[in-house]
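What TrEMBL annotates here:
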- 21-42: transmembrane segment (TRANSMEM)
- 54-75: transmembrane segment (TRANSMEM)
- His70: heme binding site (BINDING)
- Tyr82: ubiquinone binding site (BINDING)
- 87-108: transmembrane segment (TRANSMEM)
Amino acid sequence: MVNRNVVGAHYGLRDWIMQRVTAVVMLAYTVALVVLLLAMPSDFDSWKALFSQTWVRLFTQITLLALFLHVWVGIRDVWMDYIKPTGLRLSLHVFTIVWLTGCFIYSVKVVWGLQ
């Protein structure tokens, strides 16, 4: 009988699940947004009224967070699979984290109308 010790087992499963969950959140938001936009008048005041509601802002922010997590898992896998020099790969990981964190902070500012 062969006794296998697998190091790092199930990390791929966690990433796979995160990709699927974030994709479902983004799909739900897209469908809801399309339905809302088709059902309402297409003038600026209607859009402003829609996006001034707290539940729409919250759903938008959650979707953007899901998008950034989705991007992180995908880009991280690209860096790990195709960038072999460790220093360069680490630099790209750090750059990606800083960039996505900045995007998230900016999205909070835009969605919630912060100055």
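Heads up, the Cβ atoms here are built off N, Cα and C, so glycines get one too.
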Completion exercise
Same-chain residues at least 6 beyond the ends of the transmembrane segment (21-42) with a Cβ under 8 Å from one of its Cβ atoms are 50, 59-60, 62-63, 66-67, 69-70, 73
Exercise for the section: Rounded to the nearest Å, what's the C-alpha distance separating the residue listed as 'ubiquinone binding site' and His70 (heme binding site)? Just drop the number here, would you? Expected result: 19
